[in-house]
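First the structure, in the form of C-alpha cells, and then the observations on it.
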Amino acid sequence: MKKNTLLNSELSYIIATLGHTDEITICDAGLPIPDASQRIDLALIQGIPTFIDTVKATLAEMQIEGVIVAEEFKTVSPQMHDELMTLIAAEEAQCGKSITVSYIPHEEFKIHTRESKAIVRTGECTPYANVIFQSGVVF
C-alpha cells in the first residue's frame, strides 16, 4: 500500500498495486534479474541511484512487514548492511509495528527474487546490496 509521493511512475504503480505479503526486490547493479520478472531499471551510472536512497524512497511509500537479505551482506558489506538495518529500525518505530528480518544464502536469495512482483535495479556497486521487502498493511 502506498504511503506518499514518488516520482518514478513504474515504482509508484507497483507499490500502489501491492497486496498483503506481496514482495518487491531492490537490488544492486549486478544482481541477475530473471527474464520473467518485471524490471524497473533506475541505474544511470555506477552509484546512481544508490541502494540506500532507493530504499529510503521505497520505505516512504510502502508499508512493509518483512525483509529478506542475503547472509553474505552482513559480513561482506557490513557498513551498508548496518545502514539498511538502521532504516528498518526507524521504519518500525515510525509505523509502530515489528518488521521481520530473515537471512538466507545469496544463491537462495537470487531464486527467491522470482517471487517478487518487480525487481528494482539501482546503480549500487556494493556487493550483496540487495533486499526483498514484503508488503504489510497500514491498518
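Cβ coordinates are placed from backbone N, Cα and C, and glycine is handled just like the others.
In three-state terms derived from DSSP, His20 (active site, proton donor) belongs to neither a helical nor a strand segment and is classed as coil. What Swiss-Prot lists as active site, proton donor is His20, and the listing cites sequence analysis.
Under a cutoff of 8 A between CB atoms, and with a sequence separation of 6+ in the same chain, the neighbours of Ala129 (substrate binding site) are Cys27, Asp28, Phe51, Phe73, Ser77, Met80, Thr122. Secondary structure from DSSP puts Ala129 (substrate binding site) in coil. If you look up Swiss-Prot, you'll see Asp28, His106, Tyr128, Ala129, Asn130 marked as substrate binding site.
Neighbour density at the Cβ, taken as the number of other Cβ atoms within 10 Å, is lowest among the recorded positions His20, His106 for His20. Those residues noted as binding substrate (Asp28, His106, Tyr128, Ala129, Asn130) have their most widely separated CA atoms at a distance of 13 Å. Sequence-distant contacts of Asn130 (substrate binding site), defined as residues of its own chain at least six apart whose C-beta falls under 8 angstroms from its C-beta, comprise Thr25, Ile26, Cys27, Asp28, Leu31, Phe51, Val69, Ala70, Phe73, Phe109.
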